[in-house]
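This report concerns only the one structure given below.
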């Protein structure tokens, strides 16, 4: 007599994903970030929903509605701080999750990987439009700078930008539609996350050895249900620490000033999680070139599976590629730093060299190292 | 969806043995072997992780000091002023 969790149609779906799912016994902490992203999404949707009950998406009242939430709404200050810092934690988890995928060769699960790239783009778009909503100086001018990039599209660029704006500049029409997008996209992300898991569960998870783990699986519950729960606790403690002790650590002081289209801040920059892409954008003096480089910096992930050359799946037993991986991480940190600096010497040349290195690592050095490791390890 | 227990891999002639949790220590040699093991794992990875991070630090400090210097007056440029 099979248990209800295995026969009832709805419970069966939950069971096959969270209870009886065969999981490799050796997946490490780097495999926690998937479930942590799910937690971040739920946390952002819940805090966002409560913020949406009090926020007004109108240029005359948006900024003060956020102040009203922070000062008058019961625990509004906490909901607002958790939502703002929750976005940063979302990106911390996203970058760790992608790093795991690159390091352990998980990108060879192409279905899950490609849906993952779509999820990354959706999360970035959600965060971008969300940052506009408080209608501070950086909200307004960040939106102006980035939406203006679309004018680089040949022939239809200017029409495209005005279509997105709903007018001739970032104004009320832009704010209201950005609020609509910011509310909608998380549900699209939730749906795509389910597609992401659908693809993942066709094969099951990768593992740190990169070998077939069919002979050594354990059930998801209790091993990874409890491990993920511990991960949730750690994330919530760190998020609460930031939100309660240093809520403005990752923010920009300019966003405490209401948006003023007549006053341009001296240094317009996005939030930290976009700075590496911002640096790549600014490294090319041509507008269209910069926009293409910006897109390529994310879309390069789609070609990574096709550039896998080594017979070994992950980097666990590949010291040369490991060195390149850490070079990539250090390079992205340099790009993040440069993205927050003014466009002056020596930051210009550093940014350009780091951008070239970023693409070189993905397109040339990683494949070359894999090919070399095949030879050195006698795998061919 | 995906694999199910009982249908994952063909395994034959594999015998596993285990001790009851009541017959063993929960964290055997946690410090006496654990700490040397941390040192072993550090040595195995330090020359792959540290060089890029050192390059990062050096680039950061050089870049910032060069920028600050570019904003300062260079006295040699004004030596021949009256």
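Keep in mind that glycine also has a Cβ here, set from the backbone N, Cα and C atoms.
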Report summary line: As TrEMBL has it, transmembrane segment corresponds, among A:111-133, A:203-225, to residues A:111-133
Query - Per TrEMBL, the range holding transmembrane segment, considering A:68-86, A:87-105 - result: A:87-105
Report summary line: Of the binding-site residues A:83, A:182, A:201, the one whose Cα sits nearest to the Cα of residue A:97 (heme b b566 binding site) is A:201
Report summary line: When counting C-beta pairs under 8 angstroms to the transmembrane segment (A:111-133), the leading stretch of A:29-52, A:145-166, A:178-200, A:320-341, A:347-372 is A:178-200
Query - Within-chain partners of the transmembrane segment (A:29-52) [C-beta distance under 8 Å, separation at least 6 from its ends] - result: 69, 76, 79-80, 82-83, 86-87, 89-90, 93-94, 96-97, 99-100, 103-104, 182-183, 186-187, 189-190, 193, 205, 208, 224, 227-228, 231-232, 235, 239
Query raised in the report: Is any of the binding-site residues A:83, A:97, A:182, A:196, A:201 near chain B, in the sense of a CB under 8 A from one of its CBs, and if so which?
Result: A:201
Query raised in the report: For residue A:83 (heme b b562 binding site), what is the tally of other C-beta atoms lying within 10 angstroms of its C-beta?
Result: 21
Query raised in the report: Once near-sequence residues are set aside, which residues in the chain of residue A:201 (ubiquinone binding site), 6 or more away, have Cβ atoms under 8 Å from its Cβ?
Result: A:16, A:17, A:21
Query raised in the report: Counting only residues 6+ away from its ends, which parts of the chain sit with a Cβ under 8 Å from the transmembrane segment (A:87-105)?
Result: 30-31, 33-34, 36-37, 40-41, 44, 113, 116, 120, 123, 127, 130, 206-208, 210, 235, 238-239, 242, 250, 271-273, 301, 304, 308, 312-316, 325, 328-329
Requested in this report: Mind checking which residues of the chain, 6+ beyond the ends of the transmembrane segment (A:145-166), have their Cβ under 8 Å from one of its Cβ atoms?
Outcome: 128, 173-174, 177, 268, 270, 281, 287-288, 290-291, 294
